[in-house]
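Participant: Annotated FAD binding site per TrEMBL: A:215, A:240-241, A:254-258, A:271-278, A:292, in sequence order. Per TrEMBL, domain 'Electron transfer flavoprotein alpha/beta-subunit N-terminal' is recorded for A:5-191.
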């Protein structure tokens, strides 16, 4: 067992994602308290230039884990390559970003190594030498401290946005190429090109004001209440996933992990409970106003202003009041 | 196609939850419903059966109360059900839940296994993927489109930020289903009547216990989240609250 924190970084089509840097930041925070050095492994094909970028992150070393079969992601190839690599290195801790890709292969990898994976951690605690990870449960209504009861490697995925990425360059750490032996005969899954649906007509990421609706809006016809509020503020209308699943608003107006990530000056959440998948999309908002009938709703955890009340009463009153304020100014 | 659907009963979305005295779990005397993505997985299984024929078997693990979600699934059109019935199944980690399911279906062989992409209670998003690993079959996650082909399945997989990918897989396979893949149906009155006649096979803790290992992860403490922000809470008559919010937006936040 090596006292090392290994970060499994992620790239897609020659680009590192921000979540990888956030996970390195999480590893560095743990390293600061434990003294365990941080190493990074980047699976892919011909990823040495990207590995060199990661090597500027104040880490001990970076491995480019390469094989032609890792060029386009499949869970089988990733599990095979990484289980060998981790099995050999025996790091004490392995951290991953909680991306869709890691959700796809991470659990299988942990089981292949006869270990467990604590998923979607928002933080960690060191409790008398024991490493705990904190994670949200019951859609964010509670937080849990979760412990490993078995042997290292202790594996966890880090929630998007939970740690602040430091992308400023530090001294260059050594980069090493590690070739992975992946058997091609086991290809059960054939991946095709990644694509986007029809070009998006709205770019919510640039909107200064967003009024977003959730399940609390109850019926499609009630959307006009939210639209009126958005109009007086010169903002865009958006929604949490269930609203788009119902077809009440197009998918391009969906905010959250599967939709858009936004950073408006003002974000007004109407009848949105604040499930994790939604909250990760709005963490960048400067001011958040939440209106919800349930005072325990997790959305209030991230709100600057929380209104406990019936949105069908509060929203028209708020629209009228803003109209008045704008007319007076 | 013989299809297995793994579903879970979770606390209702707006049910007020309270911690138990030990601070390790919730008080279980709340209202429950089927985990939402699991409902979409069931719907998808029913649609595939309608197109290609076969059988839809629905499975859950949980105490007696969990039988409700099986009855609802049978009423919607599932052919039969398997209930791993015991209070103890609730506290298994994802790997052990997958092992228990594996043990319960050891005598069967399914062409396709579907389940929701994650549960609204634990939210670990692992059980389905781990079941595939234990069964030694391919899997794909966060699926929003399924098409049967001559050689297997052509799938549409959701990626982050509005990206998608088509992938092909051989069968048998396990898929985790994203909410919104289809439109959910309601159970009909006839369906509800027929459901009462459909078989539910019970699997006890003792039946599968030998396949279960000690949990490798454990909740040490469950608690109300620590506030990340100072939230100014407002309550009262709507016009008054509206004035207070506008006041905040003008003076404190300066956004209007």
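Every residue gets a Cβ built from N, Cα and C, even glycine.
Please treat TrEMBL annotations as automatic predictions, because they have not gone through curation.
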Participant: Can you tell me how many other Cβ atoms are located within 10 Å of the Cβ belonging to residue A:278 (FAD binding site)?
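Facilitator: The Cβ of residue A:278 (FAD binding site) has 27 Cβ neighbours within 10 Å.
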Participant: Under 8 Å Cβ-Cβ to chain B, which of the binding-site residues A:257, A:272, A:278?
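Facilitator: Cβ contacts with B, in sequence order: A:257.
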Participant: Of all the binding-site residues here, A:272, A:275, which one's CB has the most other CB atoms within 10 A?
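Facilitator: Compared across A:272, A:275, the most Cβ atoms within 10 Å surround A:272.
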Participant: Check the DSSP secondary structure of residue A:275 (FAD binding site), expressed as helix, strand or coil.
Facilitator: coil
Participant: As a test of reading the model: what is the averaged pLDDT for the domain 'Electron transfer flavoprotein alpha/beta-subunit N-terminal' (A:5-191)?
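Facilitator: Averaging the confidence scores along the domain 'Electron transfer flavoprotein alpha/beta-subunit N-terminal' (A:5-191) gives 92.
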